[in-house]
């Protein structure tokens, strides 16, 4: 940790305004409340979220460590006493008294006086060398709470009685954009870069017809698809519209296609030696073909 970074963390500790002698339970409770608000996963549009969250972790390390906490309490006590003294004497008296006290300390100790501020900085350095051992458990608890909140938010927007067709379609999102005279539209790698950060992508197809572009993205889970719909807005000046692919947009296969699929499925299952890798590749191809059919049908309507 650089000297500047350490001073920034110290500033964060004092801005937290933890009173002297407050319990660890109260500190943890305040930390969780504030950390849940600035967690990077809940603030994807905030570029400084990760840095603020990291600073908050360092602040918790300091306040939970016995040595650093004692140094922090001494700083508070020293500042409080200094404030009282400063109110009782003029600026000139303060300067003269500070010089006199410094000479007395150096004469008594035989070495330069180390202020409480410097002792606190040294405690921060010691914490840096020891690592984040003190807050691993707290971080794990916080991550579980964030994950549970996001799951609850996702579950509240979905029907608990989804059919198998709904389960396969609810993970897909449809993306639309409109090209301009000075921008031809998104490329496949640009769309992939925008959307893969929200979750693992099973398959993706896209089509550009005139100035209107469309992409269909199949996520590995509902959470990825839902976060893409909620938070993805596209690049600056190149907006996109993102929506779930609802079960109603899925085309029901006719009897001929259904019998064909059953025959293919039966022939595929008839090979007991089909490897897991081959099976995954076959399912990937089927998924890719399905979303291409959906995209083509939507474009023709």
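Quick reminder: no glycine exception, Cβ is built from N, Cα and C everywhere.
What TrEMBL records for this protein:
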{"type": "COMPBIAS", "residues": "154-165", "note": "compositional bias 'Low complexity'"}
{"type": "COMPBIAS", "residues": "249-263", "note": "compositional bias 'Basic and acidic residues'"}
{"type": "COMPBIAS", "residues": "264-273", "note": "compositional bias 'Polar residues'"}
{"type": "COMPBIAS", "residues": "279-301", "note": "compositional bias 'Basic and acidic residues'"}
{"type": "DOMAIN", "residues": "6-76", "note": "domain 'J'"}
{"type": "DOMAIN", "residues": "168-247", "note": "domain 'RRM'"}
{"type": "REGION", "residues": "147-166", "note": "region 'Disordered'"}
{"type": "REGION", "residues": "244-301", "note": "region 'Disordered'"}
Margin query: DSSP on the domain 'RRM' (168-247): how many residues come out helix, how many strand, how many coil?
Written below: 24 helix, 34 strand, 22 coil
Checklist line | Reported mean pLDDT - the domain 'J' (6-76) | finding: 73
